[in-house]
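Asker: According to Swiss-Prot, the record shows the following:
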type	residues	note
BINDING	C349, C353, C356	[4Fe-4S] cluster binding site
DOMAIN	335-601	domain 'Radical SAM core'
REGION	635-677	region 'Disordered'
Amino acid sequence: MQTSTEVVPPLMSRFRPSAAPRKPAPFLPMSRAEMDKLGWDACDIVLVTGDAYVDHPSFGMAIIGRLLESQGFRVGIISQPDWQSAEPFKALGKPRVFFGVTGGNMDSMVNRYTADRRLRHDDAYTPNGEGGKRPDRCTLVYAQRCREAFKDVPIILGGIEASLRRIAHYDYWSDKVRRSVLADAKADLLLYGNAERAVIEVAHRLAAGEAPRELEDIRGVALFRRVPENTIELHADDLDAADEGARQVRGDVVIRLPSCEQVEQDKEAYARASRVLHRESNPGNARPLVQRHGDRDLWLNPPPIPLTTEEMDSVYDLPYARAPHPSYGNAKIPAWDMIKTSVTIMRGCFGGCTFCSITEHEGRIIQSRSEASILQEIEKIRDKTPGFTGVISDIGGPTANMYRMACKDSNIESSCRKPSCVFPDICPNLNTSHDDLIRLYRKVREVKGIKRVMVASGVRYDLAVKSPAYIKELVSHHVGGYLKIAPEHTERGPLDKMMKPGIGTYHRFKQMFEAAAKQAGKQYYLIPYFIAAHPGTTDEDMMNLALWLKRNRYRADQVQTFLPSPMATATAMYHSGVNPLRGVRHGASEPVEAIKGLRQRRLHKAFLRYHDPDNWPVLREALKAMGRADLIGSRPDQLVPAHQPPGTGKAAGTRRPVRGDGPKPQRFTTKGVRLVK
């Protein structure tokens with residue numbers, strides 16, 4: 001997608017003029033010794049990451065590193081450096097062009113802390129899963145150390161941590177609004193979203209001698225700059241006015257968000273900034289945004305143009321070693337073990353779930369690979385993965401079943417400002433055909449040496465019910481005992497705040513799934529995921545969800561509690577107490593109940609684990625306070641018994657469920673579990 005006047009060169013159309021073609025490095029170097037073997041006296045670009053270096057397209061630094069290598073640059077990697085001093089950041093010498101800094105595949109605070117702000121003791125992106133190998137606010141710390149190491153080298157931020165902190169944002173862990181990470185890190189540029197186009201442009205122009213401040217015309221770039229003369233400023237306050245559409249102006253337009261200082265003090269202003277940012281997320285019609293930080297203006301260019309299928313193929317066909325760097329020896333990297341036999345077939349998500357960061361980072365436009373590229377990668381997995389058993393562990397992406405889905409009309413797509421293509425109902429302009437995906441599944445199964453192809457990515461069931469043929473194909477060939485899906489709740493109030501379909505859609509999918517399983521002679525189970533303590537959820541909502549779980553004989557072994565990640569719409573609800581999905585105006589905004597106290601958050605978690613005796617005391621207390629003591633007792637329609645087993649009830653959630661009389665549950669290590677009837 002692009003605007004009618006914008007010319008977007010193909011992703012791989014450039015090559016560094018001064019660079020002679022060279023053979024790709026077996027691995028991007030992590031030491032001077034490796035650089036010496038390659039005959040390098042210096043790196044052009046040094047990438048610093050909070051993850052272990054795995055040379056595989058599921059790891060962002062590998063993609064960016066190999067992409068820049070393909071452009072003729074010498075690229076080195078500094079992985080999980082000791083941040084206590086600048087010395088480890090000098091390990092590869094002074095880069096000629098820039099430092100690229102990322103926290104890794106996850107926001108470092110999400111990686112290091114639970115939803116209850118408790119420190120995690122493991123890290124899936126670290127050798128042997130060891131925790132503590134990256135600092136809090138990893139991107140910020142690494143950037144500051146890079147500046148100490150070499151003051152005059154440009155620093156470019158990227159990755160999901162930088163993307164979701166590109167403007168003033170609420171930080172759950174410090175419980176305050178923080179400045180853009182670009183300001184705190186004192187970096188030169190921030191590239192947000194999937195940044196292949198931007199990083200190529202930035203690298204070539206910096207190498208040609210331009211200064212970072214001159215790169216103000218690149219999509220997906222955030223930087224500090226002055227608003228150019230003759231630019232028309234529209235204030236975010238006016239964008240929800242009844243006549244906003246009639247008052248739209250032509251020419252160079254920028255939208256001025258409430259300032260950093262204003263959103264720190266005014267929660268409604270924060271919600272308004274969030275609303276406008278999400279409205280301006282379509283690459284086809286997004287306008288630049290500007291937000292004052294002290295005496296400077298933070299400028300956000302419109303989002304990057306999505307990659308074409310050919311460009312997606314070129315990214316995933318780069319010469320990855322498809323293994324961790326040899327310096328890790330025999331150490332196990334849990335994230336690598338999880339994905340080494342999986343295949344990404346697409347990017348993006350048009351679901352728009354308010355608690356999710358995928359749309360903010362990857363966008364709503366689905367970017368799909370070709371069948372040929374996907375099949376080629378599967379053959380590489382078969383031929384190059386030690387101990388490969390013939391099972392592809394997952395074929396999907398952010399969701400399992402949006403492959404090649406798109407708006408039926410490119411003009412409508414480029415002008416749309418809706419945050420979701422499927423809420424409150426599936427848009428009539430959306431092509432929901434699963435035919436391409438079904439055909440892909442069948443071709444993958446035909447690859448020699450492939451025994452099973454699993455679908456482990458979350459299935460978007462509101463789309464799946466539109467294609468009985470897809471459900472049949474899925475159940476017949478790609479489910480291994482259970483299938484995880486995410487209704488998230490049963491009650492309309494929280495579901496509307498999440499922008500999720502009603503529970504009736506789940507029931508339709510369940511009926512179709514069970515019918516297909518019966519026809520295929522299989523005994524499969526659905527594993528539903530639910531969220532506790534999401535904004536807009538009342539205690540009564542959680543009680544009704546618990547009753548639904550009991551009626552349907554589900555037990556949750558693990559509980560997912562809402563975690564306010566930076567820049568998500570639900571986080572704006574949590575912080576501001578108003579709904580940015582609606583018009584935000586002082587005194588007229590729709591209020592949203594936010595579950596903030598630890599006591600209430602634990603109560604909501606306890607409702608999801610109603611069957612755990614350790615939770616019964618707090619549930620009895622809550623039910624009495626709610627006037628629902630009638631739900632205390634041993635009848636099937638009651639939620640918790642009146643008696644308390646000895647030795648239980650001391651600390652909610654610290655013990656495994658006690659199995660009572662009746663049918664024994666079928667247990668999985670998942671967030672939801674179906675009981676066998």
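Every residue gets a Cβ built from N, Cα and C, even glycine.
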Asker: Fewest neighbouring Cβ atoms within 10 Å: which of the binding-site residues C353, C356?
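Answerer: If we count Cβ atoms within 10 Å for the binding-site residues C353, C356, the smallest count is at C356.
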Asker: Please list, in sequence order, every residue of the chain apart from C349, C353, C356 whose Cβ lies within 8 Å of the Cβ centroid of the [4Fe-4S] cluster site.
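Answerer: Nearby residues not in the site list: G351, G352, F355, S357, I358, T359, P398.
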Asker: Near the Cβ of C349 ([4Fe-4S] cluster binding site), how many other Cβ atoms are there if near means within 10 Å?
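Answerer: The answer is 25 other Cβ atoms.
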Asker: Tell me, roughly as an integer, the mean pLDDT over the domain 'Radical SAM core' (335-601).
Answerer: 95
